[in-house]
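Peer 1: The structure under discussion is supplied below as C-alpha cells; questions concerning it will follow.
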C-alpha cells in the first residue's frame with residue numbers, strides 16, 4: 001500500500017463528507033444553496049464545515065446526514081446548524097408579526113401559517129411551549145426585499161397581522177408567503193404577477209394559503225382585476241420597471257385607502273442605468289409626490305442588494321388640523 005494512502009476513502013477529503021463539494025460541502029447541501037454572497041452570514045469561507053458561508057452549518061434543506069444529528073453542521077447536530085441541537089429562543093421583532101430566532105446566529109423568521117410546509121426549501125424550526133407547538137420559517141434577506149429592509153433597520157413596514165396588502169410583482173411567491181404568514185388568517189394578500197410561468201408557482205403557493213389571492217395580470221392595467229381586489233391598507237411593489245412609480249400610483253388610486261401606506265422597492269438599474277442610483281431614487285420620490293403619495297422614509301438595501309432602495313410612505317394623508 002502506498003504511504004499516505006488511506007483505504008477508507010479519506011472521509012472529509014476533498015469531495016466526501018464535509019469536504020469541498022460533498023455532503024455539507026461547498027455551501028450546497030447544508031449551505032444556503034448558494035445563497036448569494038456566501039449565504040446569510042456574509043462572505044463566508046466557501047462553506048467548509050458544512051457551509052460556514054451559509055447560516056453556519058446550513059440553512060437550506062437538512063441534506064443527508066441532517067436530522068440524525070450528523071451531517072457536520074447540518075440541522076440536528078455537528079457544528080451549529082439552524083437548531084444545532086441547542087435551545088433556540090424565538091422572540092418578537094419590533095415589527096408586529098415578525099420574529100427573531102436567537103441561536104448561534106440570529107435569523108429573521110415568520111410564524112408558519114401552514115405548519116409542516118416549506119414554500120421554497122427554506123429552513124423551518126419548531127418551538128414547543130408546554131403543549132403548544134409553533135413552527136417558524138426562516139426569511140432570507142438575499143431573496144426578499146422586505147426582509148432586507150427589516151434587517152436594514154426600516155422604521156415602519158406597515159405589514160402586520162390583520163391588514164390587507166396589494167403585492168405588485170409577486171413572482172413565484174417566496175416573499176408573498178412570508179407576507180401571508182405576517183398578516184395571518186385575518187389578513188389578505190392580493191398577489192399580482194404578469195409572468196405566467198411565475199404565476200403557476202404563485203397559484204400553487206396560494207392553494208395551501210387561503211389568505212393569498214393570486215392575480216395573473218399586468219399591474220399596468222388595474223381596471224382588469226378591479227373585480228377581484230378590494231380596498232387595501234398597504235401596497236407593496238417590486239416590479240423593476242422603468243415606469244414603476246406610475247404603475248404603483250395607478251394601483252394606489254384604485255385600491256389604496258386614503259391614509260394607507262405604500263412600500264416600493266426601487267432598482268436603480270431598471271429605471272436609468274446611466275444615472276447615479278441616488279439621482280434615480282430622488283427622481284422617483286419626486287414622481288411619487290406628484291401622485292398624492294408622500295414618502296416618509298428611504299433606505300438602501302446594502303449589503304443584501306446592490307443599487308436598490310426601499311421607499312415607505314403614506315397615500316393621501318389626512319389634512320393637518322389647524323389649531
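For all residues, glycine too, the Cβ spot is worked out from N, Cα and C.
Keep in mind that what you see is a predicted model, and the values were worked out from it rather than measured.
Pulled these from Swiss-Prot:
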type     : residues                                         : note
REGION   : 1-78                                             : region 'Disordered'
COMPBIAS : 7-44                                             : compositional bias 'Gly residues'
MOD_RES  : 8                                                : asymmetric dimethylarginine
MOD_RES  : 17                                               : asymmetric dimethylarginine
MOD_RES  : 23                                               : asymmetric dimethylarginine
MOD_RES  : 29                                               : asymmetric dimethylarginine
COMPBIAS : 63-78                                            : compositional bias 'Gly residues'
BINDING  : 174, 175, 193, 194, 218, 219, 238, 239, 240, 241 : S-adenosyl-L-methionine binding site
REGION   : 276-308                                          : region 'Helical'
Peer 1: Given that the record lists 174, 175, 193, 194, 218, 219, 238, 239, 240, 241 as binding S-adenosyl-L-methionine, what is the largest C-alpha to C-alpha distance among them, in Å?
Peer 2: 20
Peer 1: Around the C-beta of residue 174 (S-adenosyl-L-methionine binding site), how many further C-beta atoms are within 10 angstroms, looking at every protein chain?
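Peer 2: Here the count is 20.
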Peer 1: In the region 'Helical' (276-308), how many residues does DSSP assign to helix, to strand and to coil?
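Peer 2: Summed by class, the stretch gives 14 helix, 9 strand, 10 coil.
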Peer 1: Return the residues near residue 218 (S-adenosyl-L-methionine binding site), defined as same-chain residues 6+ apart in sequence whose C-beta is under 8 angstroms from its C-beta, sorted by sequence, else 'none'.
Peer 2: 194, 224
Peer 1: Looking only at DSSP and grouping its letters into three states, which state does residue 174 (S-adenosyl-L-methionine binding site) belong to?
Peer 2: helix
Peer 1: Look at each of the binding-site residues, 193, 238, 240, and point out the one with the fewest other Cβ atoms around it within 10 Å.
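Peer 2: Among the binding-site residues 193, 238, 240, the sparsest Cβ neighbourhood within 10 Å belongs to 240.
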